[in-house]
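What Swiss-Prot records for this protein:
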MOD_RES   Ser72  phosphoserine
REGION    88-129  region 'Coil 1A'
MOD_RES   Ser219  phosphoserine
REGION    239-262  region 'Linker 2'
MOD_RES   Lys290  N6-acetyllysine
MOD_RES   Ser335  phosphoserine
REGION    409-499  region 'Tail'
REGION    431-463  region 'Disordered'
COMPBIAS  432-443  compositional bias 'Polar residues'
MOD_RES   Ser469  phosphoserine
MOD_RES   Ser496  phosphoserine
Amino acid sequence: MSFGSEHYLCASSSYRKVFGDGSRLSSRLSGAGGSGSFRSQSLSRSNVASSAACSSASSLGLGLAYRRSPASDGLDLSQAAARTNEYKIIRTNEKEQLQGLNDRFAVFIEKVHQLETQNRALEAELAALRQRHAEPSRVGELFQRELRDLRAQLEEASSARAQALLERDGLAEEVQRLRARCEEESRGREGAERALKAQQRDVDGATLARLDLEKKVESLLDELAFVRQVHDEEVAELLATLQASSQAAAEVDVAVAKPDLSSALREIRAQYESLAAKNLQSAEEWYKSKFANLNEQAARSTEAIRASREEIHEYRRQLQARTIEIEGLRGANESLERQILELEERHSAEVASYQDNIGQLENDLRNTKSEMARHLREYQDLLNVKMALDIEIAAYRKLLEGEETRFSTSGLSISGLNPLPNPSYLLPPRILSSTTSKGSATGLSLKKEEEEEEASKIASKKTSQIGESFEEILEETVISTKKTEKSNIEETTISSQKI
């Protein structure tokens, strides 16, 4: 008894060392990766060590029992040899079992490796499918982002174009204002030139008048000298006539008329001298006044000429400044017009490139949408296949559960639980045995026929119940699959709408 218990404990301990509990075995199976062969070798070595330990323990037990044999005197050498032979057989069997278990464990590890590789491949395929499903949304986000950037650039270009147009309009208004001012200045210049010409004509007239006056003064001086000469000659003639008349009178009455003639001559001389002095003084005063007036007019004319010359010079300087400013504004306007043309050309080129990009992105979006629809159709087909498989699995599971519950509750045989509608397969073994021994007695045959009818009724009821339960299970699974399909379709439509 002690040897058997020890051997059982050693076998169980070695089995536990090999397989462990359920959780340990599952953890080892799930954690087995690329080092599966190494683990199998280590486990085989540990199993061999455990078997060696068990053999040593059993040998110790035999040794103790053999040592006890002289005390008990009940165990002989034949029994010991039989036990050693039995132990050798058990040990060889145990080694074979351990080797077989190690082989099975290696097969299980290889299968786990295969399943892990398949699982990784399926996970990679699932990740690729998810990435493909997520790519349209990413492409849509990229498309929307690029479209927003293009719209922002388009708005910036339009705002820059509007700003350039406003600047161009402002510069055009400034040019128009400067042109109007230039025309006004040119009109003022023409008026100043006309006034200058008029003043020059006045100056010329004044100079001519001065020359005429100078000539008149000269002629008057000459005339005054001639008048003086004529006056002197007349005075001389008068004196001569007076002398002649005085001589003639002297001949008549020299004594009486001599004082009267001298006084009369003195009076006449005084009158002529006073008249000549008055004429000379009046001529000098008129000449002086006329000369002063001419000098004043000449001074005024020279001042006006100088002012008009300064004004003309100022007008010329302003005109040159305005012409320079107009030329600069004209150059700025031309440069701005060139910039506007360049901006319009660049804007049109950018708009064309953006439209090309938008068309390409729309084509990519349509392609991704079509690919997404194809993937959705494939996913829907796979989902339909999965739901059909789930329906079948659920139906078989419900059938198996129903069979197990009926088998556990009732003591019927498995043949009575056959869901086939043929009643000939639903007969119990005792009915078949009774049909074979039907020719023994007529009473027994009738009784057996009644039992067969009852059994067939029971079997038909059971088959009808199984069929009803199967139909109920199918209806439940169909309803659940329809609900899941509807929810999946709604999710896919929502995701497609979001995309």
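The backbone N, Cα and C atoms fix where each Cβ goes, and this holds for glycine too.
Since this is a predicted model, take the numbers as computed values, not measurements.
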_Neighbour tally for Ser335 (phosphoserine), based on other Cβ positions within 10 Å of its Cβ_ = 10
*Spatial separation of Lys290 (N6-acetyllysine) from Ser219 (phosphoserine) - C-alpha basis, Å*: 14
*Please list, for the region 'Coil 1A' (88-129), how many residues fall into helix, strand and coil according to DSSP.*
42 helix, 0 strand, 0 coil
*Under DSSP, is Ser335 (phosphoserine) helix, strand or coil?*
helix
*Other C-beta atoms that fall within 10 angstroms of the C-beta of the residue listed as 'N6-acetyllysine'*: 16
*Between Ser335 (phosphoserine) and the residue listed as 'N6-acetyllysine', find the distance joining the two CA atoms and give it rounded to the nearest Å.*
66
_For a quick check of packing: other C-beta atoms within 10 Å of the C-beta of Ser219 (phosphoserine), how many?_
11
*Which whole number is the mean pLDDT over the region 'Coil 1A' (88-129)?*
83
